[in-house]
Amino acid sequence: MFSQPSLILDLLTSGWVVLVFIILFGLLPLLAFRQVSIPSLASRIVGAFVRTTATIGIGGILWTKLGLFTWITAVLCYLTGLGIGWIASDRWQYRGKFQQLSQQIALSTIDIFDRGLSLPQLSRWLLSPWRAIERLVADRLLVGTPQRIVPNSSGMQIPSRAVVPKERLHPNDSANLERGSRSLAATRHHRSRASLPSLLLTAIVMLSIGAISLWLRFEHPITEFRFSHPDTYGRLLVVQQILARDLPQINYLPIFPSLAAFLTALSGVHPLQVVHLLGAIIGTLLVLGVGYTMRCLSKNGAAALAASYSLGAYLFTWNLPIPSRLPLGVRQCLGTLRDTLDLGLIRSWAASESELGALFVILAIGCSTQIAKSSQRTASIVNTSCCALLALALDPTLPILILFGWFGGIFGRQMALFSLSMGWLILGVLATIPTSGFAMLTGILTTLPIGLSLLVGLLFIAIASAGRLLLANWSAPICLTIFLAITLNFFLPPSPQIDYLEYDAAARKAVEIGYLFPHQQWTVVAPIEQLSQVYGRGWYEDAARFTTRYRDRVTTASFVFPHQTTLLIFVEKRPFISDKPEYPVPYSVLIDPTYRNYRSPSGRTQLAAAMLQMCETYRRHHPDLHTIYYESDRLRIYQFSPASMDNKKSQLTISKFGTNNQGASTTPISMLPTALSGRI
């Protein structure tokens, strides 16, 4: 169960979510959106992914606005998008396909009623869908496979995959074809032997990049239930509101929450884990997207590997001190830049709307490189448009980077790479200047490591090109090996100092309570972080307000909590205090209830002591109404059962706080604020 942090259970859950994501956003769309004109499998996968994301994003927003989001509407939206893509890939020849399908069904039905259904026929009928799927997969994944034309002595050209009767072959054709086959086999064998070291190095580098990237991005989501970035609690709350069919009060398009809600509805996993893993999946897709775009722009596989590795291993942490002799404004800008780069390590597995938008920025640049080819123009324009619109919807400032890349593309692909990476760097640095008027470019500053990884790939191309003067064709492999050796020894990121907001046990128990207790039959009294974790499943009351209301009244022996639901009160035996040093905060922050009760060390300590005293006093007066639901050296969860109505009649004197249908001032989760306060 969730009460024990089982690594095996967390691994299985994570693997299931990743598998569902690959099937829903990769395999099925690849079969539906055929994209016959694009020969590259990687480009077809990218096109299928962006079209599916656009479909789910638009459908999720529509169903959310209408308050109709359920797993049924999510599946309906998904299948509709795939169906439209399927029909469009065959040039809208749907009428003939439907007629052919209906005729086959009618003839099969008549045949069954006419002759009966024997066991062999039944087995063939049951296996026919699987055979059809096999043919479909072979047809969809082998799009654009060229046929080699083999000439013969009679002047007839025969495709290498064609079947030609023997009587149509010239007597010398067999000997010519046999000699040609032996020559082709010898040529392939020679090329394979010559490229074996390069292929081996490429395989080793790709495995290293994959292992480091996956470890860095999935270690924390698998081992920790609590979020490592405070903004993630707000995103989880929006996802819970979408699933509960409540209209979120937000000022942006909920594309990321819609994807998370869709994945939750179809995987059956708790939204907390889905949001956790979706951030890690987006971080991994960014590594792949950087390599794809670098390959499209440079046609250099080694440079694509170098750029992907720099982002996958995250080589951009800043450990050097800022010189004190620099002017104050410069030190402030460098400090902001350093904090952003260090925080980027955490955001690599806690990706949000900015990272998702940056993913579509680089994919838009990569897809646009294929527009020049007339055979691929239509599909490439559709893919590029989907990427640009998604980037605009996620962060209106990110499409500026697409314009930088397209402008540089006028002068060549490598110039597009240069203008994109340098534009990312310049705009990111400008966003660190408080008085520059570029504060709106926060999204570009947040995603600056992605631009830096493209810059690393560009520098690798320059160094490898210079090395060709001495190393010839071995320049790129040798430079890549040296780059990996140096960075693995000196530039790998240190363990991040994560500013958690709660104990991991608190998050796990909140999720467990939602599964074990009947819906709407319990009330959680806890810090603000538990609001997003239990939303839509029960009731929630803020711990500070609850303590202020009842800590003096529990001293009366006859007092009982006026709740008709089971109370689960989270009490920290050891108050959770961040390890980060405190900085001066303005007065407006000091008087904020969230900061005063949960972020301030002294305020949180006082609240924990008051809650412990209140619960222990109530426990002594009513030993028959309480149990300890969970206890460790850090956290204790009291479980108080509702008292009988006879004992409550004299206690309903709290009308000045307002009552609901529970007879208490507890607020239903569906009526609570839609945003959470992060770490100040």
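Residue positions begin at 1 at the first shown residue.
Backbone N, Cα and C define each Cβ position, glycine as well.
TrEMBL does not curate its annotations; it predicts them automatically.
The transmembrane segment annotation in TrEMBL covers 12-33 (among others). Outside the transmembrane segment (12-33) by six or more residues, the chain places 44-45, 47-49, 51-53, 78, 82-83, 85-86, 89, 136-137, 140-141, 218, 221-222, 262-263, 266-267, 269, 273-274, 277-278, 281 with a CB less than 8 A from a CB of the stretch.
For 45-63 (among others), the entry in TrEMBL reads transmembrane segment.
Residues annotated as transmembrane segment in TrEMBL: 69-88 (among others). Among residues of the same chain six or more beyond the transmembrane segment (69-88), those with a C-beta under 8 A of the stretch's C-beta atoms are 24, 28-29, 32-34, 51-52, 55-56, 59-60, 62-63, 94, 242-243, 245, 261-262, 265-266.
For 169-189, the entry in TrEMBL reads region 'Disordered'.
Look at TrEMBL and you will find 198-218 (among others) tagged as transmembrane segment.
Within the chain, the transmembrane segment (274-294) has long-range Cβ neighbours (under 8 A, six or more residues past its boundaries) at 14, 17-18, 21, 42, 46, 209, 213-214, 217-218, 221, 225, 227, 232, 235-236, 239, 256, 259-260, 263-264, 267, 300, 303-305, 307-308, 311-312, 347-352, 355-356, 358-359, 362-363, 365-366, 417, 450, 453-454, 457. The transmembrane segment annotation in TrEMBL covers 274-294 (among others).
Among residues of the same chain six or more beyond the transmembrane segment (301-320), those with a C-beta under 8 A of the stretch's C-beta atoms are 202, 205-206, 208-210, 212-213, 216, 286-288, 290-292, 294-295, 337-338, 341-342, 344-345, 348, 449-450, 452-454, 456-458, 460-461, 464, 476-477, 479-480, 483-484, 487, 491-494. As annotated by TrEMBL, transmembrane segment applies to 301-320 (among others).
Marked as transmembrane segment by TrEMBL: 386-409 (among others).
Residues or ranges marked as transmembrane segment by TrEMBL: 415-433 (among others).
Residues annotated as transmembrane segment in TrEMBL: 440-465 (among others). Same-chain residues lying 6 or more positions outside the transmembrane segment (440-465) and placing a CB less than 8 Å from one of its CB atoms are 286, 290, 293-294, 298, 300, 302-304, 306-308, 310-311, 314-316, 337, 340-341, 344, 347-348, 354-355, 357-358, 362, 395, 397-398, 400-401, 414, 417-418, 420-425, 427-428, 430-432, 475-476, 479-480, 483.
Annotation comment: TrEMBL describes 471-492 (among others) as transmembrane segment.
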Can you work out whether the transmembrane segment (386-409) touches the transmembrane segment (45-63), with the criterion being 3+ CB pairs under 8 Å where the paired residues are 6 or more apart along the chain?
yes
Near the transmembrane segment (415-433), which residues from the same chain, at least 6 beyond its ends, have a CB less than 8 A from one of its CBs?
294, 297-298, 329, 332-334, 336-337, 340, 365, 400-401, 404-409, 439, 441-442, 444-445, 447-448, 450-452, 454-455, 457-458
